[in-house]
Amino acid sequence: MFGAPTALDFVVLFCLASAIAAVEETLMDTRTATAELGWTANPPSGWEEVSGYDENLNTIRTYQVCNVFEPNQNNWLLTTFINRHGAHRIYTEMRFTVRDCSSLPNVPGSCKETFNLYYYETDSIIATKKSAFWTEAPYLKVDTIAADESFSQVDFGGRLMKVNTEVRSFGPLNRNGFYLAFQDYGACMSLLSVRVFFKKCPSVVQNFAIFPETMTGAESTSLVIARGTCIPNAEEVDVPIKLYCNGDGEWMVPIGRCTCKAGYEPENNVACKACPAGMFKAHQGTGVCTQCPPNSRSTSEAAAICTCRNGYYRSDFDPSEVACTSVPSGPRNVISIVNETSIILEWHPPRDTGGRDDVTYNIVCKKCRSDRRSCSRCDDNVEFVPRQLGLTGTRVFISNLWAHTPYTFEIQAVNGVSNKSPFPPQHASVNITTNQADDYKSELREQLPLIAGSAAAGVVFIVSLVAISIVCSRKRAYSKEAVYSDKLQHYSTGRGSPGMKIYIDPFTYEDPNEAVREFAKEIDVSFVKIEEVIGAGEFGEVYKGRLKLPGKREIYVAIKTLKAGYSEKQRRDFLSEASIMGQFDHPNIIRLEGVVTKSRPVMIITEFMENGALDSFLRQNDGQFTVIQLVGMLRGIAAGMKYLAEMNYVHRDLAARNILVNSNLVCKVSDFGLSRYLQDDTSDPTYTSSLGGKIPVRWTAPEAIAYRKFTSASDVWSYGIVMWEVMSFGERPYWDMSNQDVINAIEQDYRLPPPMDCPAALHQLMLDCWQKDRNTRPRFAEIVNTLDKMIRNPASLKTVATITAVPSQPLLDRSIPDFTAFTSVEDWLSAIKMNQYRDSFLTAGFTSLQLVAQMTSEDLFMPLFDVRSIWKDASPDSQAYHCSPLIHFHWQGSHNALQMSCDLLEMLSGSCVKDMLWPEEQRQQEPTSSHMHCSSQKRSCHVHSL
C-alpha cells in the first residue's frame, strides 16, 4: 500500500535536486582560441587585437584599448555571429584588466574605468568590416561594466595582474543568434577573455523518475516544467510527475512521484528490482517483496501474485496476500428425525473447514424407488426451513414429502472456494423412508400443496407447517424479486408531490455498478486536470482540479480519489456516494459532475466550493457576518434539506462540518453515503458507538441515539444544532461535555442556550427543532417558510435572546412542587434547611404556600434576596447565572454562594444549569458536583449540575 507524498518527501527531493550543479553549455570561449579572433573594431584605431598571457602564463588572444589622452572616445568592438542553440537566456563572462586613471600622468578628465556591454539579436550573419552596421543596428544595452580592481604603474612594472571577472545575462532571445558589442569611451583596459554560455538543469533520476536535461527559461525568475518519465518497472502515483527548472539551472518544486509497480521492489530509490522466485508484491507502491502466502508459490521473477498449489484456491473476494485455502470435508454425525411426511436433519460441522470460516451447507433431496436402485430430484413442493441452500446453521426442517417413500438426503459442505474446485462438494448422506399417511391425502398429493391431518393434534401440527410454508414461499418469491420490489417501494412511497422523483437506495441494486451507470455520468480522464491536494477523505485524497468537457467552459472541481490497493467492497462503498449524489439536482445540494471508473485512480468529481466546510469557515470569520447573512445561510441549508426530505432521503449526519460554502456564501449540503459505512473502529471522537454503529451524538435526535430511528424528523433535530453552530460562529455544541453527559442532559430536557447576540426568534426555532416528540417538530418546508418571513421582516430579528429572559419553551417543566406535607412557609423552609430565608420570604409578601407555588423568575432573587447582606464572602464581581428548566436570574456576589441558591432552586424546579461569565481565577473553586464547560472563544462558561 502507498499514500500521497508527505511534506518530508518533498523536502528531501528538493534538497537532493538542488544539490546537483547546473549544466553550463558554452557557445563561445576566447580562452581556447589560438588564431586571430577576427572581431570587428570601429574605428580601426580603437580596439586592437594582440597576443598576451593570462595569470597562468598561457598564451591568449586579447583586445586592448588605451586612447585616454584624447577626449570623446567611442570605440566599438563587435564579436562574430554567435548561434544561441535554442537558449532563451544568455550569460556572458568577461575577464579584463583596467588601468587606474589616477596613476596616469597628465590625463584629462575624460579617462574612464568602465565600459558598456551590448547585444544585437538577428537570424543571420549581417555584420562585416565594410558594412554600416555600427550606425544602423538597434543595439540593446546589457550593462555598464565597472572594475572591482584596477592596476597602477607600479603594478605594471612588477608584472602584477589584477584581473576582474564579471558575468552578465540577457534575454529573452527568439532569433537564431546574436552579436556582442563592447563600447569603450575613454578607458585604458584589456579584454582578456569572453565566454558566452547558457544554463541547463542536468538530467537527474529522483523518486523512481527520470527527468531530462532542461534549458532554463527566458527570465532569471522563470520556472520551466520538466515532465518526468518513470524508470523501468515503475508507475506514476495519482498525478503526473514533474519538476521545475529555475533560472539558475537548479531543480525545484517536485510534483508527484513514481513507485515500483506490482512484482517489483525499490532499490536505492533509483531502480525497481523484480521479486525473486518464491516471493511476490501484490500492489504498486513503496513496499518490498514478501514470501508467498501458505499453500501458494511463484515460479518466476516479478510475480504480482502467487498461484495456489494443487488442491488450494482463492475466492474472487480474497486478496492476493492471504493464504490459499481448500474445500471443506463433509459434515459429520448426521441425525434424522422422521415425523410422518416431514423430517428434521441435524449434523456436526466438518473436521476440516479448508482453512476458512465461511462454511455453509446445501441440502440435496432425492426421491427414490422402493429398491433405491434409482433416485430423482425432489419436486418443488418440498419445503426447507430455513432454506435449502446456503445454510449457516447445522439444522434443517423438511416437509411436504411423499408418504411411504424412500428418500436420500445429501448434506453438502461448501465454502468460498468450493466453486473453484473441479470436484463436487463433499457431503454426508442419510437414507430415510417416510411414515404412513392418510390414503385420501396420498391420492390428492399432486393437486393439493398442503394436507390437513385427521386428528386434532395433527391439525395443530399441520397448521403450523402451513404457516411455515407460506412464510418460506413468500421468502423465496421475495428473494427472486427483491430488487424490483425495493425499487417499486422507493418510487411509490413518500410525501413528495405527484410525479416527483423519489430517491433510490443504490444498495437495492443486485449490481451496485448498475446504480453508478444509471445515476452518474462517466467522464474521460483526459478532461480532468489535477492541481493540488486540498484534503483527505475516508477512501483517499481530495484534490482541487479543473474539468473541461467538450463544448463547455473549463471549471474548477473537487476530485475525490480512491486510494490504490482498494478492495471491491471499498470501491462499491466509494462509488455509492456518487450514486446517491447523482440523483439530486438542487442549488443547495452539492452537484455531481461525474465519475471516472475506467482508469486509475477511480474519481468522484463534484463542483468546487471555495470556502470549504461551514464550521471552519465560520470560526475563521468570527463576528464578520450580519444576522441577515447568517439567516440567509441557514435558509439555504433548510432549502436543501427540504428537497432531500421530499425525495424521501434521510441524511443522518447533518452538521456544519458537512455543509460546504462557495465564494458567494451559498451553503450546500454534502457528504452523502459515508455516514452509512462508519464502523466501530472509526477513530473520530465526533462519532460514538450505538447499537452496533457510530453516530454523531451531539447532532443526533434522542430516538436515533436510543433506537437508531433515523427519519426526516431526526434530520430536523440535527438542523437545529446546525442553526446553533452558525449563530455561535462554529462553536462546538455542548462545548467539552462528554457524549454520555450530552445524552444524559438531553434526557433531562436540557437544551442549548442561545448563542451570544442570537435573535430570540431564531433560538425559539432551535427549541422547536429539539422537541422530544419527533411528531411535533417542524418540517423543513415550515422551517424554510419561517426563515423567509424573518428575511422579509428583519425587524423580527432585533430582539436578542438573553439568559435573563423567560421564553415560552414547551420543554420546560412547569410542574408545581408538592406542598401538601407542609402547613406553612416556615415549615417548608425548615424542611429544606433554609430557615435563614424566612424573613426574606415574608418581607417579599410570600406568606402562604399557595403564593410560594406561584413564584416567578422575576420574584427570584431580586428583590427577594439581597445576596450581599446574606453572605459575608460576597464579592463585587458580577456573575450571570441561568438555572433551567425553570429559573433565570442574575447574581451579584461570589460563586461560592451559588450552590446555596441552587438548593432552593432544585426544590422548585429540579436540576440547575448555570451559564456564567466566570473569572479565570475563580473557575477552580466551582463545586465538584457540577461540570463546567467553557466555550473555545471564552465568551461564557457552562456548568451542568447533575
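Our numbering is plain: 1 for the first residue shown, then up by one each step along the chain.
For all residues, glycine too, the Cβ spot is worked out from N, Cα and C.
In TrEMBL this protein carries:
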type	residues	note
SIGNAL	1-22	signal peptide
DOMAIN	24-206	domain 'Eph LBD'
DISULFID	CYS66-CYS188	disulfide bond
DISULFID	CYS101-CYS111	disulfide bond
DOMAIN	327-437	domain 'Fibronectin type-III'
DOMAIN	528-791	domain 'Protein kinase'
BINDING	ILE534, GLY535, ALA536, GLY537, GLU538, PHE539, GLY540, GLU541, VAL542, LYS560	ATP binding site
ACT_SITE	ASP653	active site, proton acceptor
DOMAIN	820-860	domain 'SAM'
REGION	924-946	region 'Disordered'
COMPBIAS	925-938	compositional bias 'Polar residues'
Residues ILE534, GLY535, ALA536, GLY537, GLU538, PHE539, GLY540, GLU541, VAL542, LYS560 [recorded ATP binders]: greatest CA to CA distance in Å: 14
Any further residue of that chain within 8 Å (Cβ to the Cβ centroid of ILE534, GLY535, ALA536, GLY537, GLU538, PHE539, GLY540, GLU541, VAL542, LYS560) of the recorded ATP site: THR561
Among CYS101, CYS111, CYS188, ILE534, VAL542, which are recorded positions, the residue with the most C-beta atoms within 10 angstroms of its C-beta: CYS188
Candidate recorded positions GLU538, VAL542, ASP653, pick with smallest Cα gap to CYS101 (disulfide bond): VAL542
Nearest recorded site to CYS188 (disulfide bond) by CA-CA distance, among recorded positions CYS111, GLU538, GLY540, VAL542, ASP653: CYS111
Separation of alpha carbons, the residue listed as 'active site, proton acceptor' and GLU538 (ATP binding site) (Å): 15
CB contacts for ASP653 (active site, proton acceptor) [other CB atoms within 10 A, all chains]: 24
Neighbouring recorded positions, C-alpha within 10 angstroms of ALA536 (ATP binding site) - of CYS66, CYS111, ASP653: none
Surrounding CB atoms that lie within 10 Å of the CB of GLY540 (ATP binding site), all protein chains: 23
CYS101 (disulfide bond) - helix vs strand vs coil (DSSP): helix
Overall pLDDT of the domain 'Fibronectin type-III' (327-437), taken as the mean: 91
From recorded positions CYS66, CYS111, ASP653, the one whose Cα lies nearest ILE534 (ATP binding site): ASP653
CYS66 (disulfide bond) to CYS111 (disulfide bond) - Cα separation in whole Å: 9
Euclidean distance between Cα atoms of ASP653 (active site, proton acceptor) and GLY540 (ATP binding site), Å: 20
Mapped DSSP class for CYS66 (disulfide bond), helix or strand or coil: strand
Pairwise CA distance, the residue listed as 'active site, proton acceptor' versus CYS111 (disulfide bond), rounded so that it is a whole Å: 84
DSSP residue counts for the domain 'Fibronectin type-III' (327-437), split into helix, strand and coil: 3 helix, 52 strand, 56 coil
